[in-house]
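The annotation active site, proton donor/acceptor is assigned in Swiss-Prot to Asp268 on the grounds of similarity to another entry. What Swiss-Prot records for Asp128, Glu158 is Mg(2+) binding site, and it gives similarity to another entry as the kind of evidence. Sequence annotations record features per position, and here Swiss-Prot assigns SUMO2 cross-link to Lys30 based on similarity to another entry. Sequence annotations record features per position, and here Swiss-Prot assigns phosphothreonine to Thr95 based on similarity to another entry. Swiss-Prot lists Tyr184, Trp303, Phe321, His355 with the feature site 'Interaction with 5' end of substrate DNA'.
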Amino acid sequence: MASGSSSDAAESAEPAAAPAAAETEEDQVKRRRLQSLGFALVTSCDTTVASTFLSENNWQTKKALSAFFEQPENDLARPHQPPTSSKSEDYVDLTNEDANDTTILETSPSGTPLEDSSTISFITWNIDGLDGCNLPERARGVCSCLALYSPDVVFLQEVIPSYCAYLRKRARTYNIITGNEEGYFTAILLKKGRVKFKGQEIIPFPNTKMMRNLLCVNVSLGGNEFCLMTSHLESTRKHSAERINQLKTVFQKMQEATDSTTVIFAGDTNLRDQEVIKCGGLPDNVFDAWEFLGKPKHCRYTWDTKANDNLRIPAACKHRFDRIFFRAEEGHLIPQSLDLIGLERLDCGRFPSDHWGLLCTLNVVL
């Protein structure tokens, strides 16, 4: 069951000197990134250009759009298309061949049948595709983690089209199912020969302001039926009410699966513990993997601006945004370990994402 006291206390103490300012800074960064994405989608420009117009117009979208469309066509100082060196998700071709790129996943395409092992593993990770800075190197960093850990399933959030194309080319031993094809979206990767795809469903969140939904994928693992789910719930404290409604939808969908189906949800929930309490807590038959394992401190915070400076937020904020929920017949699925990944800086000096990834291993008891 969800326990709010310890996490709430930790959140209220971060940072101790000025919690209000820290939260405002955090929300502002996320809001502006989403605002830049929306501007880019409307204007078909790069998000770096979008951010420039918005910042020069005090982040007033209508004013920025007017400035963009009213600029002279020969104004070379403000190209609609970024220069070829721009590190933008819309224009950096992540699929280009690179002779030095060793991140192609070359494990056996047939995989190892689950019947030979009672352990499954998966990664859940918000890979921050909306950040165009150093995107090719960060994408290679993510693929390096996939190659290193070779999980059976990967749950991803904040995937963009060019990033998805890169994954399809580099992660050849995985089938990739996405929650959308435009803007930014979620994806679930299934190891070929190990996880058999049976079907998918996308559940819309009707009141989302951020293009969010719930991606459900039905699979077979060693003869056992699984329903795998991922989502990127509404961001920032301002949208707490919508986030709680989305969480209720997740729990409702988890309950709809047949009793013999094991359900795993893993994703970026953006949750604060008090919101789980406001939602009524976890259903009696749904468990939080981190809590099940005794709330290990080493993997508590998946979004930590003090340890991870990708966003360059001055204040220190840390949250357990990325969570894993599971529902299984009693004793049939037992979490064994949970660890953070993506903790090492890349050559560019940044991390693969502003979120740490979670690597989870579980025992399947037949």
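Every residue, even glycine, has its Cβ placed from backbone N, Cα and C.
Cα to Cα, His355 (site 'Interaction with 5' end of substrate DNA') and Asp268 (active site, proton donor/acceptor) are separated by 9 Å. Reported as a whole number, the C-alpha separation between the residue listed as 'active site, proton donor/acceptor' and Trp303 (site 'Interaction with 5' end of substrate DNA') equals 10 Å. Most Cβ neighbours within 10 Å among the recorded sites Tyr184, Phe321: this distinction goes to Tyr184.
For Glu158 (Mg(2+) binding site), the spatially nearest entry among the recorded positions Lys30, Tyr184, Trp303, Phe321 is Tyr184, judged by CA separation. Calculated from their C-alpha atoms, the gap between Asp128 (Mg(2+) binding site) and Tyr184 (site 'Interaction with 5' end of substrate DNA') amounts to 10 Å. DSSP assigns the residue listed as 'SUMO2 cross-link' to a helix in the three-state reduction. Cα of the residue listed as 'SUMO2 cross-link' to Cα of Tyr184 (site 'Interaction with 5' end of substrate DNA'): a span of 14 Å. Around the residue listed as 'active site, proton donor/acceptor', a 10 Å sphere centred on its CB holds 27 further CB atoms from the protein chains shown.
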